Amino acid sequence: MGKIGEQLDIDFIISTGDNFYDNGLTGVDDPLFHQSFTDIYTAPSLQKQWYNVLGNHDYRGNAEAQLSPILTKMDNRWLCLRSFVLNAGPEIAEFFFVDTTPFVTKYFTDPEDHVYDWKAILPREKYLNNLLMEVESALGESRAKWKIVVGHHAIKSAGHHGNAKELNIHLLPLLQTYDVDLYINGHDHCLQHISNSDSGTQFMTSGGGSKAWRGDVSWWNPQELKFYHDGQGFMSVEMTPTEVSIKFYDVFGNVLHNWSSSKQLSFAI
């Protein structure tokens, strides 16, 4: 990541969640923050702003700790919020970060032996309704050339966890209505690109940051599954007002897959 970051002269980094494995942080003083973040991403090119969303494993710890400005004081690269919008240039792109974990019903009805930090989420229905209204409002008001939604859970995935049915019901229609170009997620421990025939949105999974090589891949229409790597790696996004370029890399920085698209500039007359 450091080498590719230097080559691309990156502006910022995004984490798609499950930032601290296996059970998030115990608090703002948890040494795992340094062991899994500060002391890992030491390359000069990675000393940029990080934008992070929470994953389901983060909710198994003290979720509020990851949102605390105390962590930002310890490492000024760190920024984690539940849901937010990043304007990456009014004429280029906006990133819409969505807190997807509270959508998944099984974490509430069948948590197994896990304890989730739902303090700021309950009552759940009210939280999700407000979140969906905020996402729809932000997407509707956006005039960005490229719209990218980032969440932890997959809407389309051939990986172990597969499609999050709740996101297909509640979030996917918003992506379709407001012409979202990319949906980027983690959760499945792999790299993949799905181009769904029912939507103009490209579905990108970048979940190979650590634990990987799970070995179970579900069948997917080969016309839609453009790429699948059951292993570790990362992806890059390069954007201009007229072009977007996506690349997936293995841990050595070798390009495994690339995709690009273009749009015409629009002018007010």
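Placement of Cβ uses the backbone N, Cα and C atoms for every residue, glycine included.
TrEMBL annotations:
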DOMAIN    4-190  domain 'Calcineurin-like phosphoesterase'
BINDING   D18, Y21, H189  Fe cation 1 binding site
BINDING   D18, N56, H152, H187  Fe cation 2 binding site
* Asked: How many Å lie between the Cα of H189 (Fe cation 1 binding site) and the Cα of N56 (Fe cation 2 binding site)?
  -> 13
* Within 8 Å of the Cβ centre of D18, N56, H152, H187, which other residues of the chain have their Cβ, at the recorded Fe cation 2 site? -> T16, G17, L54, G55, H57, D58, T100, T101, H153, G186, G207
* Which of H152, H187, H189 has the fewest nearby Cβ atoms, counting only those within 10 Å, among these binding-site residues? -> H189
* Asked: Hey, how far is H187 (Fe cation 2 binding site) from D18 (Fe cation 1 binding site), Cα to Cα, in Å?
  -> 7
* Provide, as an integer number of angstrom, the distance between the C-alpha atoms of H152 (Fe cation 2 binding site) and D18 (Fe cation 1 binding site). => 8
* Mean of pLDDT values spanning the domain 'Calcineurin-like phosphoesterase' (4-190) -> 97
* Asked: Looking at Cβ-Cβ distances, which residues of the chain lie under 8 angstroms from Y21 (Fe cation 1 binding site) while being 6 or more apart from it?
  -> S36, H57, S210, K211
* Mind giving me a neighbour count for D18 (Fe cation 1 binding site)? Other Cβ atoms within 10 Å of its Cβ, every protein chain shown. => 25
* To do: Sorry to bug you, but what's the C-alpha spacing from N56 (Fe cation 2 binding site) to D18 (Fe cation 1 binding site), rounded to the closest Å?
  => 6
* Cβ-Cβ under 8 Å from N56 (Fe cation 2 binding site), same chain, 6 or more residues apart: which ones? -> G17, D18, T101, V104, Y107, Y116, H152, H153, H187
